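*Asks:* Reproduced below are the annotations present in Swiss-Prot:
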- 203-206: motif 'PPXY motif' (MOTIF)
- Asp1025, Asp1100, Asp1101: Mg(2+) 1 binding site (BINDING)
- Asp1371, Glu1400, Asp1421, Asp1485: Mg(2+) 2 binding site (BINDING)
- His1506, His1510, Cys1534, Cys1537: Zn(2+) binding site (BINDING)
- 1551-1720: domain 'Integrase catalytic' (DOMAIN)
- Asp1562, Asp1619, Glu1655: Mg(2+) 3 binding site (BINDING)
- 1717-1766: DNA-binding region (DNA_BIND)
Amino acid sequence: MGQELSQHERYVEQLKQALKTRGVKVKYADLLKFFDFVKDTCPWFPQEGTIDIKRWRRVGDCFQDYYNTFGPEKVPVTAFSYWNLIKELIDKKEVNPQVMAAVAQTEEILKTSSHTELTTKPSQNPDLDLISLDSDDEGAKGSSLKDKNLSCTKKPKRFPVLLTAQTSADPEDPNPSEVDWDGLEDEAAKYHNPDWPPFLTRPPPYNKATPSAPTVMAVVNPKEELKEKIAQLEEQIKLEELHQALISKLQKLKTGNETVTSPETAGGFSRTPHWPGQHIPKGKCCASREKEEQTPKDIFPVTETVDGQGQAWRHHNGFDFTVIKELKTAASQYGATAPYTLAIVESVADNWLTPTDWNTLVRAVLSGGDHLLWKSEFFENCRETAKRNQQAGNGWDFDMLTGSGNYSSTDAQMQYDPGLFAQIQAAATKAWRKLPVKGDPGASLTGVKQGPDEPFADFVHRLITTAGRIFGSAEAGVDYVKQLAYENANPACQAAIRPYRKKTDLTGYIRLCSDIGPSYQQGLAMAAAFSGQTVKDFLNNKNKEKGGCCFKCGRKGHFAKNCHEHIHNNSETKAPGLCPRCKRGKHWANECKSKTDSQGNPLPPHQGNRTEGPAPGPETSLWGGQLCSSQQKQPISKLTRATPGSAGLDLSSTSHTVLTPEMGPQALSTGIYGPLPPNTFGLILGRSSITIKGLQVYPGVIDNDYTGEIKIMAKAVNNIVTVPQGNRIAQLILLPLIETDNKVQQPYRGQGSFGSSDIYWVQPITCQKPSLTLWLDDKMFTGLIDTGADVTIIKLEDWPPNWPITDTLTNLRGIGQSNNPKQSSKYLTWRDKENNSGLIKPFVIPNLPVNLWGRDLLSQMKIMMCSPSDIVTAQMLAQGYSPGKGLGKNENGILHPIPNQGQFDKKGFGNFLTAAIDMLAPQQCAEPITWKSDEPVWVDQWPLTSEKLAAAQQLVQEQLEAGHITESNSPWNTPIFVIKKKSGKWRLLQDLRAVNATMVLMGALQPGLPSPVAIPQGYLKIIIDLKDCFFSIPLHPSDQKRFAFSLPSTNFKEPMQRFQWKVLPQRMANSPTLCQKYVATAIHKVRHAWKQMYIIHYMDDILIAGKDGQQVLQCFDQLKQELTIAGLHIAPEKIQLQDPYTYLGFELNGPKITNQKAVIRKDKLQTLNDFQKLLGDINWLRPYLKLTTADLKPLFDTLKGDSNPNSHRSLSKEALALLDKVETAIAEQFVTHINYSLPLMFLIFNTALTPTGLFWQNNPIMWVHLPASPKKVLLPYYDAIADLIILGRDHSKKYFGIEPSVIIQPYSKSQIDWLMQNTEMWPIACASYVGILDNHYPPNKLIQFCKLHAFIFPQIISKTPLNNALLVFTDGSSTGMAAYTLADTTIKFQTNLNSAQLVELQALIAVLSAFPNQPLNIYTDSAYLAHSIPLLETVAQIKHISETAKLFLQCQQLIYNRSIPFYIGHVRAHSGLPGPIAHGNQKADLATKTVASNINTNLESAQNAHTLHHLNAQTLKLMFNIPREQARQIVRQCPICATYLPVPHLGVNPRGLLPNMIWQMDVTHYSEFGNLKYIHVSIDTFSGFLLATLQTGETTKHVITHLLHCFSIIGLPKQIKTDNGPGYTSKNFQEFCSTLQIKHVTGIPYNPQGQGIVERAHLSLKTTIEKIKKGEWYPTKGTPRNILNHALFILNFLNLDDQNHSAADRFWHSNPRKQFAMVKWKDPLDNTWPWPDPVIIWGRGSVCVYSQTHDAARWLPERLVKQIPNNNQSRE
């Protein structure tokens, strides 16, 4: 801390002086406050140690983020002002011109005077070089360093740092010739930092022309000290010139092999260059060059020497085997990534090693597996470096870095530039660090835990090493490492860190735990930590006290041996008396060597240290002592008093104990056992000195009859407290026991549980019931407070009917029992009058007199039972009870519902109703499934091969051991099978299709995937994955039997083993929904408690996001608890705590959301099914990719053609190129999180074919696309934009919950007004939108592609007829004949089409082709074409529909090529109206008619009529005048009619004598019509005329609707006969018939023969429908009403009777006099013969006669009827 503060002050001092030189005066205190704010917002800044422009701009970015996050009130007013002042100071482009001139002059002097090595050395004070002035000017950079292309004869130029202090040669400094002043290795490594982001633009690491390095200067006043520095430089220049002259003279005098070298080569001829600053010409490898003596450690593969002429030569030498051996030994003994091994590797890497040398070295040192791992990592690092080199443009590619391709030879690799060697070094060492730790199989980071005696620093080192392997660098996971450094530390270190956990960083942790060693030091370390000191300082401070306390008298200033009082008191030596131990001699007890007492009883061993050996000592425990096993029981008589006048006996702990506040009250052993002396009881009180030290001793009462061990109840109040062994901490006060006559409740106490006498809680009981009124989900309930009830119970009568409840698997017991009671399906929010609230899930029981509030609710309300008695209250306080904190030892209370614990020993005593309800713990399970039928389903098990059967047996055994299945005797059975996965493992599957068919399917709870873009920007996230989610959710017990299966045996050697699933089975239709509901219920409490969190749950993936990281972790902790309670488990390896996250197929990295890398397997795309799957996946990713519909059109076109899924498909060149584009888009495109504080913009771009939408907030958020296939064949582009607006608004509300603030589309305001007036979609799209509709796009490069498509409005096709235009009429026929007429000319031609619409479209194309340059007024009788052709001008994409799309495309091209407008209008055909337009249309229509070459015969006409209408044989015979047998053969040969045989008529019904006299009415069902399956049928019994309508039901209102329709066709009947259905017998229907004066009669109940006529009509109608439904006539296909009307047309107008009359003829042209025979009949009542009357029906043995006298029909036996001739005789 002191170092950081001194550096802090030094910054401020220098900045104040620097600002003062610019005329800016600031206060020292203000700058200190400013840097305090810098430290808070940028914790990394003080550790950097330097201010330069790049770091300072990072500080500015942090300021801006802090401002955006917390607002202006959290930022000091002067923060940005001071930041700008300092930026101007350190930005060289903005420095005072005078200062710049002085610096430039200094650099010029340095350039001309740095030919020699300066003997002075820069100051080693790191605090001086705090502020650097970087130059962004390339020229300045180039001039600040020596030229790379200097002549080789010149010496290297050195630029020492400009210092403020006087520099002088230090006698202890190393020889300047041994110091490499270039010192660019570190800078080069930083320039090629492999941890840089891969796509950031940065300056090239090495410029071949002018290398540059930053000029580092201290902030000084150049004007004041420049002269002094220049004078020093001039002196050094003179010395250098003399030095160079001396060297030249000595070189001329050299003889033999003696050589005098420059200081650069003073250490030897061969050196390994360390980043030379000058360009060194490379020579060829000189193998024959004479080698001088070299030390082994300096022998490395590539070395460079400089000869006397200054020429540089490179050599390639072999490795010194001592280096390889040392590295091999270190890797074998300590591991490849041990610190010692890495140090050797780094020392080797400091030299020039070619890629081949690295590969040779690694292969020699490491094992085969590690070598391959290193090689793969090395190649990956080189690949990333090559990508950065490509951006930098320095030409160093992947082959050069790996030594492959053209650079595989050693000669080629020797010629590499120094910078390239540095990159190879960085890639190789980084790959080495990725090697696995020795003995570590690859454990996860959370598995690294500190051992009991492991030093904390070693533990942190292991954490950082593991994090480096996982994250690539330890810095990337520093927050995670810090968290685990506390969580996985041992208890001693955790206790030391805990008070400072949020106040320091990882280095602070290490400092706090530096003195914590083995267990015996832990107590001392904890005490020191909580006093804010190290152990050393803690001990030193204790030793600073002058003099100690005397152990004899307790006074300071002398020791016990010099105590005068002790000497005075013991002047007379006291002789020992009778030994209290053995009672057999006069000697001191501690000198007693007897093993038995005077009675012969064995004596316990001595306590304390003895000469025979070390004392046994108590067992030591950190968290509380236990009585040593060797320590014997001590009676009360062994206790001592502190002084003769002490009232109490001293109690002490038998072991060293450390107590923390988190532990709560602990029982400390004393080794003292009861009973107490007769007629006494004990009172335990704490010593006052102990209380001052923070140890609270709870008072306690010791009963006289208690014989167990007396313990001290103690608790650490605020800090960690160490209780040494033997220290007095409490006193036992013996008090007299007064016996009373009170009744004894229990027998002798003996060795019962430790504590005082049982306490009875006293509460006054009154006649008033303790009732309480609460609100559950805002509904008021009143109930009794029942402290004995485990759960809350609501009576069924008070429970709202619409609140869902479910059956449970528990029993409620009390005074009586309730089995499987119902419980609320969801948690309810309770609220009291004071607005306190919580969550409960009450039970619901019928016939309960009153609601009961149980402890699950009372504990949340923190209700306490208090007594007015001070004695009882004091007793409870003595037992450790603190009001408001609960009775737990941690005093933390119970804030959540009490877990229900079963009590099986309680029995009922009668009728159910209890005041204390005990509940068996419910087993949580999935909701019960609703079944269509309870009929068992049994599907036989398939036979399995021996291999598959063995695999199935093994898998079943594993599931049985896991508890997922159980043995079964269920009557249900479905087959199982096994499949082998690619990994070679088997997978067990069950065919549940038969079971799925019997269940009611649950709807999808999440119809779509959640989008990560809706997570608020800047939120911290935690993502978890539930482990085996389906197998963690129990099935409802009532459903388990339905998922049974059998395990067969070969050759039926044994009975099949039967099992059934206990958990959600896979492939069960409702498993996903049940899983989602179960998990959603489990995390409901978390959602309610953390409403500020953004929680996403999809299947087994859960994401938590929030602003505050600490709150996110707390929410995560509660989530883990709730999931654990629900039986769900989190996969530890799938907990994601930091970027990059992987979620639902996306990668979340900071604000960016990208798709995971994907490679499309083009060789697998062969069938329509393959392409359909591929396009489905691409379409799912399109909201996150910049791919338009036009881009994907080549792939969409592959889906056209044969509909067979296995039909062959192939990739076109365009589609192949598109797949590459898709891969690139997936790899490069990204979207961002939404910022809800900014306006949300929805941009619409004019892309080809269809428009494209984009949600935008300074960056893309989500792309929106219309379907690839338009909803209409011809969809205008402006209508497509309207559809996109609707889709965008829908997406905005669905994903973000808001409407877009601004919608930007391509049309101007005047164009939008036109669209609002002339289109249907635009008013709908903009309805109720209150945002801004604009056409000005934001300025951004990404938005430029919106200009790709030019939009158009109708210009060529006029909406009104043109003047002076050519009048043309077109027509087409289904025979393929097309024609158009103009004036007196008619042109017709034959086409190969058979659709009248398409033939007429051909005629229209011919007109546009024939008159391209003339205005036209075209009229057609096709309303379809008259509407479609005007749309072609604005349609961008035409839906593919066989020939239609081709003809429309051809017509559209003709329209685009026209420059003269035309008009197209519609005229009704065959209207018969006068005038030229009707005449012209008729003329064109006649031109399409063709004269048949031969006249069809009657037989052919009958066959065609039957094919179209399926007429019966009678009708065909009469209608086409063909023989009866030919008509029957036509019907028999029809494949449809052959299955419908005629049904004989077995009876007769009364019929009306006139039309509309008697109707019969009924309802029949035809399920294929869906919602319109109810067919209401009425038939006129006189004529057989049939009427029918389709209704959605059969109630009275539907019957009345049907009759009104019938009345509108044939009028009102006199009588209607129906059955006894509720729709006919209702009061409303009776009133309806009475109002219209219609007589309504019903038949015999449940006797359908009374409705025989209408029942036969049902059969005829359904038969006709079945026939025509299978035909090919266009109007009847797919439309129920058309099919029904066609059937009625056939039955009423086409079917003829033997009189050649249809039902319509009989109804409209009735002649009853010619139809009925006249008879006379005998009335059996009066024996009269009234005659003549007509016969309605002549049946078998009976006749129905219509009595004209009585105006009613009479049924008579045939013997009472006599037929008379039918003439005009009158009645007698």
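Yeah, the Cβs are placed from backbone N, Cα and C, and that goes for glycine too.
Show me how these features fit into the shown structure, please.
*Replies:* Annotation note: Asp1101 (Mg(2+) 1 binding site) sits in a strand segment as assigned by DSSP. Residue density at Asp1101 (Mg(2+) 1 binding site): 17 other Cβ atoms are found within 10 A of its Cβ, drawing on all protein chains shown.
The number of other CB atoms found within 10 A of the CB of Asp1485 (Mg(2+) 2 binding site), across every protein chain shown, is 18. DSSP classifies Asp1485 (Mg(2+) 2 binding site) as helix under the three-state reduction.
Take the CB of His1510 (Zn(2+) binding site) and look out to 10 A: across all protein chains shown you find 22 other CB atoms.
Across the domain 'Integrase catalytic' (1551-1720), mean pLDDT in this model comes to 86.
Proximity of Asp1562 (Mg(2+) 3 binding site) to non-local residues of its own chain (separation of 6 or more, Cβ distance below 8 Å) is seen for Val1577, Thr1618, Asp1619, Gln1651, Val1654, Glu1655, His1658, given in sequence order. According to its DSSP assignment, Asp1562 (Mg(2+) 3 binding site) is in a strand.
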*Asks:* Taking just the CA atoms, what is the gap between Asp1101 (Mg(2+) 1 binding site) and Asp1421 (Mg(2+) 2 binding site) in Å?
*Replies:* 61
*Asks:* Per DSSP, what is the helix/strand/coil residue tally across the DNA-binding region (1717-1766)?
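*Replies:* Within the DNA-binding region (1717-1766) the tally stands at 3 helix, 27 strand, 20 coil.
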*Asks:* At the Cα level, what's the spacing in Å between Asp1100 (Mg(2+) 1 binding site) and Cys1537 (Zn(2+) binding site), rounded?
*Replies:* 57
*Asks:* So if I measure Cβ to Cβ from Cys1534 (Zn(2+) binding site) and keep only same-chain residues at least 6 apart in sequence, which ones fall under 8 Å?
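*Replies:* The list for Cys1534 (Zn(2+) binding site) reads His1506, Thr1507, His1510, given in order along the sequence.
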*Asks:* Would you list, in sequence order, the residues of this chain other than Asp1025, Asp1100, Asp1101 that have their CB within 8 A of the centroid of the site's CB atoms, where the site is the one recorded for Mg(2+) 1?
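*Replies:* Leaving out the recorded residues gives Ile1024, Leu1026, Cys1029, Tyr1098, Met1099, Ile1102, Ala1131, Lys1134.
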*Asks:* At a 10 Å cut-off from the C-beta of Cys1537 (Zn(2+) binding site), count the other C-beta atoms across all protein chains.
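*Replies:* Its Cβ shell of radius 10 Å holds 19 other Cβ atoms.
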*Asks:* Rounded to the nearest angstrom, how far is the Cα of Asp1485 (Mg(2+) 2 binding site) from the Cα of Cys1537 (Zn(2+) binding site)?
*Replies:* 37
*Asks:* 10 Å Cβ neighbour count around Glu1400 (Mg(2+) 2 binding site)?
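*Replies:* There are 25 of them.
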*Asks:* Taking the binding-site residues one at a time (Asp1619, Glu1655), which has its Cβ surrounded by the most other Cβ atoms within 10 Å?
*Replies:* Asp1619
*Asks:* Can you see whether DSSP assigns Asp1619 (Mg(2+) 3 binding site) to helix, strand or coil?
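*Replies:* In the DSSP reduction, Asp1619 (Mg(2+) 3 binding site) maps to coil.
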*Asks:* What other residues of the same chain, not counting His1506, His1510, Cys1534, Cys1537, have a CB atom within 8 A of the CB centroid of the Zn(2+) site?
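*Replies:* Those within range, site residues removed, are Thr1507, Leu1511, Ile1530, Val1531, Ile1536, Lys1667.
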*Asks:* Among the binding-site residues Asp1371, Asp1421, which residue has its Cβ surrounded by the fewest other Cβ atoms within 10 Å?
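*Replies:* Result for the binding-site residues Asp1371, Asp1421: minimum number of other Cβ atoms within 10 Å at Asp1421.
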*Asks:* From the Cα of Glu1400 (Mg(2+) 2 binding site) across to the Cα of Asp1025 (Mg(2+) 1 binding site), what is the distance in angstrom?
*Replies:* 62
*Asks:* Taking the recorded Mg(2+) 2 site as Asp1371, Glu1400, Asp1421, Asp1485, identify the other residues of that chain whose CB atom sits within 8 Å of the mean position of the site's CB atoms, giving them in sequence order.
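*Replies:* Other same-chain residues near the Mg(2+) 2 site: Phe1369, Thr1370, Gly1372, Ser1373, Ala1379, Ala1396, Ala1403, Thr1420, Ser1422, Ala1469, Asn1481, Ala1484, Thr1488.
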*Asks:* Between Asp1100, His1506, which of the binding-site residues has its C-beta surrounded by the fewest other C-beta atoms within 10 Å?
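*Replies:* Looking at the binding-site residues Asp1100, His1506, the Cβ with the fewest others within 10 Å is that of Asp1100.
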